[in-house]
Each structure stands twice: as structure tokens, then as C-alpha cells.
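Heads up, the thing below is written out as C-alpha cells.
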Amino acid sequence: MFMHLEVYYYAFILMAHMKTCCGWSVNNFLMTGPKAYLIYSSSVAAGAQSGIEECKYQFAWDRWKCPERALQLSTHSGLRSANRETAFFHAISSAGVMYTLTRNCSLGDFDNCGCDDTRNGQRGGQGWLWGGCSDNVGFGEVISKQFVDALETGQDARAAMNLHNNEVGRKAVKGTMQRTCKCHGVSGSCTTQTCWLQLPEFREVGNYLKEKYHRAVKVDLLRGAGNSAASRGAIAETFNSISRKELVHLEDSPDYCLENRTLGLPGTEGRECLRKGKNLSKWEKRTCKRLCGDCGLAVEERRAETVSSCNCKFHWCCAVKCEQCRKTVTKYYCVKRSKRVKNDNASRRKSYRLKKKH
């Protein structure tokens, strides 16, 4: 329930900013007045939600796991930080809003928008022409920019950072578009192709931005800069020199190993980690080291018995009957090291040093 309220709060403040701070004119084809905002509000809310869900997926096994408070931290000016996690959150939120608006446009949810057929009939490359129904990312980009960027009314370095990362998110959607083609020719031959652009799965956008997160650029500017024309010029010059495909941040990240109630950080104590599994990636297999060991915590193995339906059979007519199977599941958690473990480790290190001397 909390998340839904936060998402609709996000959509509300986007619309409020649109009504109070920005002229609502997009290529002279949008309606004006409250009805115009309501048309897109559900898509904005859904897009913000998809951004949050993707953020939580991408950071599920990181020390920072995109907590529910991330949206609040992003939209409340008094609480916002300017680290690389904030950069990712702005980008994925912006991407989510643009992606959803674009998809809903193609689905026919808006009267003033449809397929992008502006290049249809033009030669795209060797043996293929533009055609079909391309997803209208241009529409999604323009509308999402009007909504999302309206949140940043300041002219300081942090506002510039957020606007930059919003743009990175929109570029990510455009950059991951996929070309789909259909063959034309006699008897199934492919003498020529008609091609169009489609949105990828949103997971592709998330994966793309997670890579950008790892390579985010730190900008050395004072957060309070922007009180004079000279400082605003310096900020603009700095950000204009950085590619709109690279995430930027102003601050180093806090220590996510430790609990910090002021920042709403729970720390990693009590977190579940992964050790074994056929389908685990290398990153996932290292979670116990990353979340526990590297944070000075021990790994505790816990076993629990679960009950689930199994051996299901269809019986005529028309029921499915299942057995209830019990299974022991092993899970791993980060816990504080006991004094005994600490003393044992200290003794081993001392013994090792003595052996080296001899």
C-alpha cells in the first residue's frame, strides 16, 4: 500500500509542477487544461512503478537494494542525496515513464498518438526498407520529459545532475530499441525486408543502466553551487561536456554495510544471501561475501521445512488433485559475529604470525 501511495504521489507532484511551473505546449497538438494531464497520469504512475520494480530487481543482491524509501528520497528535496544510487534511480524512473507512455501510445490508449510511420517507405539499409508499425519513442520522450524534468526547478549542481540522469534514462530506452523485420519475396524468398523498431523488454533497459551505474562519472562540483550567473555557467559547461549516455553523481555513496536511520539505510545485517544454485550468476554466488563477509558479518545457515503442491493429476471432469509434499530448504543470512568466533579468528591469526617468525 505504501508503494502505491508513493507512486501516485510521484504522479501528482509531476502534474502539479506541470500546471504551476511549466508551459504545457508540445508541438501544438496536445490538449490544454486538467483533462490533458489526466490522460497521461495513469501511465506516469505505472511507469514510475515499473522503474521502482526494475530498480529493486537490479539491486536485489547488492548492499543497497533500492529500498521503498528510494522514491521518497528522490522526490523530497530536503532528503535527496547525489550519489550514484540516486543517479541510477533517476535514470530508471525516467526510463520507466517514457517506456510506459511509448507502449501505451502504440496500444492505442491515447487519441493523439499512434505508430511512428514517419520513415515508412524510406531505404534503411542494404535490402530493407522502413515500414510496419514502429513504437513511437519520440512521443514517449517528449511527454515524459515534460512530466519528469518539471520536478527540477532549481539551478544548482544537484538539479543539473538529476536532469542529466533523467536524459540518460530516456536515451537508454531509445538505445535499446530492437529492429524487427519481415521478409518479402516469391515463394518465401527474402529479396527485400520491411523493418520497424520495437521496444525491448524493460529488463533490457534495466540491464543497460546497471552497466552505466558501475561506470558512473563523479563530477566535482559543490552541491550549493548555482547562486550566481557565473556558477550556473560553470555547472552548465561541466555537464554539457559529459555524454548524455553516462550517469553522473556528485557524492560518494555511504557505507551500506551499516545501518543509518537518518538516511533510511537498514545495513546488511539480517539480509539473505545466496551460495548455491544451478542458475545463479557469478554476481549472485558472491552475495554472501559481498553482503556478509566484506561487511564484517558471519554467514548463518538456516533450514526450514516448506509444504507445496506436487504430483498434480487431472481427474475427469474437471478437477486437478495434488499431493502435499514437504521439502527442506536451506537459506543463508548475514549475522553478527559471535565473540567466540572473533576470538578464534584472532587466535588463528596470532598463531599464523608466530609460525612465520619460526
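Cβ from N, Cα, C; glycine included.
These figures come from a predicted structure and were not determined experimentally.
Look at Swiss-Prot and you will find Cys55-Cys66 (among others) tagged as disulfide bond. Taking the Cβ of Cys55 (disulfide bond) as centre and 10 Å as the limit, one finds 26 other Cβ atoms among all the protein chains shown.
Packing around Cys113 (disulfide bond) is summarised by its Cβ count: 21 other Cβ atoms lie within 10 angstroms of its Cβ, all protein chains included. Residues or ranges marked as disulfide bond in Swiss-Prot: Cys105-Cys113 (among others).
Here Swiss-Prot flags Cys115-Cys133 (among others) as disulfide bond. Taking Cβ-Cβ distances under 8 Å and a sequence gap of 6 or more within the same chain, the neighbours of Cys115 (disulfide bond) are Ser106, Gly132, Cys133, Ser134, Asp135, Asn136. For the recorded site, Cys115 (disulfide bond), the DSSP three-state label reads coil.
In the three-state DSSP assignment, the secondary structure recorded for Cys195 (disulfide bond) is strand. Non-local neighbourhood of Cys195 (disulfide bond): Gly124, Trp128, Leu129, Trp130, Gly131, Gly132, Arg179, Thr180, Cys181, Lys182, each in the same chain, at least six residues away, with C-beta under 8 Å from its C-beta. As annotated by Swiss-Prot, disulfide bond applies to Cys181-Cys195 (among others).
For Cys183 (disulfide bond), the count of additional Cβ atoms within 10 Å of its Cβ stands at 13 [all protein chains shown]. DSSP assigns Cys183 (disulfide bond) to a strand. According to Swiss-Prot, the feature disulfide bond maps to Cys183-Cys190 (among others).
Swiss-Prot lists Cys257-Cys295 (among others) with the feature disulfide bond. DSSP gives Cys257 (disulfide bond) a coil state; it is part of no helix or strand.
The feature disulfide bond is assigned by Swiss-Prot to Cys273-Cys288 (among others), with similarity to another entry given as support. Cys273 (disulfide bond) has a Cβ environment of 23 other Cβ atoms inside 10 Å.
Long-range Cβ proximity for Cys292 (disulfide bond), meaning a same-chain Cβ under 8 A and a gap of 6 or more residues, is found for Thr268, Arg271, Cys273, Ala298, Val299, Cys334, Val335. Annotation comment: Swiss-Prot describes Cys292-Cys334 (among others) as disulfide bond, evidence class similarity to another entry.
Taken from Swiss-Prot, the feature disulfide bond covers Cys310-Cys325 (among others). The local packing around Cys310 (disulfide bond), expressed as other Cβ atoms within 10 Å of its Cβ over all shown chains, amounts to 11.
Sequence annotations record features per position, and here Swiss-Prot assigns disulfide bond to Cys312-Cys322 (among others) based on similarity to another entry. Within 10 Å of the C-beta atom of Cys312 (disulfide bond) sit 9 other C-beta atoms, taking all shown protein chains into account.
In this structure, Cys318 (disulfide bond) belongs to neither helix nor strand by DSSP; it is coil. Long-range neighbours of Cys318 (disulfide bond) (same chain, six or more residues apart, CB within less than 8 Å of its CB): none. The disulfide bond feature in Swiss-Prot is assigned to Cys317-Cys318 (among others); the stated evidence is similarity to another entry.
In the three-state DSSP scheme, Asn104 (N-linked glycosylation site) is classed as helix. For Asn104 (N-linked glycosylation site), applying a Cβ distance below 8 Å and a minimum sequence separation of six or more within one chain yields Ser43, Phe110. Annotation comment: Swiss-Prot describes Asn104 (among others) as N-linked glycosylation site.
Taking the Cβ of Asn260 (N-linked glycosylation site) as reference, residues of its chain lying under 8 Å away and at least six apart in sequence are, in sequence order, Pro254, Gly267. For Asn260 (among others), the entry in Swiss-Prot reads N-linked glycosylation site.
Taken from Swiss-Prot, the feature N-linked glycosylation site covers Asn279 (among others). When other Cβ atoms within 10 Å of the Cβ of Asn279 (N-linked glycosylation site) are tallied across all protein chains shown, the result is 5.
Residues or ranges marked as N-linked glycosylation site by Swiss-Prot on the basis of sequence analysis: Asn345 (among others).
Swiss-Prot lists Ser187 with the feature O-palmitoleoyl serine, giving similarity to another entry as the kind of evidence. Under 8 Å, Cβ to Cβ, and six or more positions away along its own chain, Ser187 (O-palmitoleoyl serine) finds no residue.
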Quiz item: Of the recorded positions Cys66, Asn279, Cys288, Cys325, which sits closest to Cys105 (disulfide bond) by Cα distance?
Solution: Cys66
Self-check item: Close in space, distant in sequence - Cys325 (disulfide bond), Cβ under 8 Å, 6 or more apart
Solution: Val307, Ser308, Ser309, Cys310, Asn311
Quiz item: Going by C-alpha positions, which of the disulfide-bonded residues (Cys66, Cys113, Cys183, Cys288, Cys295) is nearest Cys312 (disulfide bond)?
Solution: Cys288
Quiz prompt | Top Cα neighbour of Cys257 (disulfide bond) in the set of disulfide-bonded residues Cys183, Cys288, Cys317 | solution = Cys288
